[in-house]
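J.: Dropping the structure in here first, questions after.
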Amino acid sequence: MTTIIASFGLCLLAFTLIGLLSARRRQPTSTDYLIAGRSVSPWLTALSSVATNNSGFMFIGLLGFTYRFGVQAVWLQLGWILGDLVVWMWVHGRVRALSGRLELASVPALLGTRDNGSVVRPTVVVTGALTFLFLGGYAAAQLAAGSTALNVLFGWDLRLGASIGAVIVALYCFSGGLRASIWTDAAQSIVMLASMALLLALAMNRAGGPPQLFASLEAIDPPLVRWRPAELRFGLGLYFLGFVAGGLGAVGQPHILIRSMAISSAEEIPRARRIYYLWFVPFSVAAVGAGLYARVLLPDLLVGAAPDGLAQAAESALPRLTLALMPEVLVGLMLAGIFSATMSTADSQILACSAAVTQDIAPTLRDSYPASKLATLAVTALALTIALSASDGVFALVLGAWSALGASLGPLLILRVMGRVPSAPVALVMMAAGVLTVFSWGASSLADDVFKLLPGLAVPLAIYAIYELVTRLGSRQRR
């Protein structure tokens, strides 16, 4: 146990030092603190983006989903990759160009600022408030994921694990802002991929290659090797398209978009994209593979109550598989990988919330460097409070926050990169419709047939299309 704690502690110390070292390049301005002076290299942009995107959801939530449903998890992750690719191909470069030309340091400001520089103030304030609300909850889910891993491995109180993550994130974010987040995320991405790949290799060595894996899964429960989910009311096509929409939900995630705003130039986006997918695809394969092997090597996780902090016992698959397969020094590395995943997302979300407070909700603080740093501490404290009180599992918390942001901010960003900024009433109706759609769909019996973000994106865009059509028809009649 001492060896595990020592190796885990050394990794955390290294991440913290990297973040603190980045502060040597800081400038005492809010722009440098929030978007790193728009000077980030494509390598750092790619590695930090993939670490931020692949959070505790991948280590805890996705493995738990794969453990429960088997090979059907491939549809989820493949759809997510394709949807995310659309965002990289079509959105990120435009976001960098627009935000640079208009000198904007937050996503809500981008959504509410027209090409001529005029600002739709209600849109900026409301999108800033939604960012603060949902991204704060999202960050809390990351802290909860890290604390869950410590609880399963060591039996530590959930409050201790969440507090450790919050203190470390607050320390380096307060010191170096987004630059510190990006530097540590890049280092954390290496640990994340290495630890997941190593776990998959050890599991394969223990249980055999893919033929043996599939035979064992079928012996446990035949539906685990059925590619098509049973009783889909709308067919496999819409089921898969729902997950593509899930990946497309990245258009509404400020903590991801802020990295494209911080890259050195829009022309570097294609290079960053190639690096990103060289990391993202292997990591996705390793995560799904580890989830399948966990079902074979630990077949009884679903028996009994879920551990503290988890809605599903299956979400403990990764830490339990780690204990079963790895020597103590490598258990510490894997635990650092889990913590890396959670911190690399939580830090970005906390900084995006800080930007929403100082740039959008309270614009009088826009140029205040101290206010930006104090906002970081306040948001971290809020996220920690939510993490200590939330009852839902990591998978549910993350998908809920991701979907709400994707459905509220995503349609507006799609329109923004097309050169359109809706009026405040239209934007507010679109956002309200998106949020209501994802939550009502998610609570209905339809949620298992089509992922809620597909209707969550479609409804607001349909509202805008109807508004445009009615407006044009009215203009023709007046002529």
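Using N, Cα and C of the backbone, Cβ positions are placed for all residues, glycine too.
As listed in TrEMBL for this protein:
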TRANSMEM  6-23  transmembrane segment
TRANSMEM  43-67  transmembrane segment
TRANSMEM  73-91  transmembrane segment
TRANSMEM  119-141  transmembrane segment
TRANSMEM  153-174  transmembrane segment
TRANSMEM  186-204  transmembrane segment
TRANSMEM  276-298  transmembrane segment
TRANSMEM  318-339  transmembrane segment
TRANSMEM  371-388  transmembrane segment
TRANSMEM  394-414  transmembrane segment
TRANSMEM  426-444  transmembrane segment
TRANSMEM  450-470  transmembrane segment
J.: Among 73-91, 186-204, 318-339, 371-388, 426-444, which stretch has the most Cβ pairs under 8 Å to the transmembrane segment (119-141)?
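T.: Looking only at 73-91, 186-204, 318-339, 371-388, 426-444, the most contacts with the transmembrane segment (119-141) come from 371-388.
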J.: The transmembrane segment (318-339) and the transmembrane segment (186-204): do they have three or more Cβ pairs under 8 Å, with pairs 6 or more apart in sequence?
T.: yes
J.: Rank 153-174, 276-298, 318-339, 371-388, 450-470 by Cβ pairs under 8 Å to the transmembrane segment (426-444) and hand me the top one.
T.: 450-470
J.: If we skip the immediate neighbours and take only residues 6+ beyond the ends of the transmembrane segment (6-23), which ones have a Cβ under 8 Å from one of its Cβ atoms?
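T.: Residues packing against the transmembrane segment (6-23) from afar: 164, 168, 171-173, 175-176, 179-184, 187-188, 191, 328-333, 335-336, 339-340, 343.
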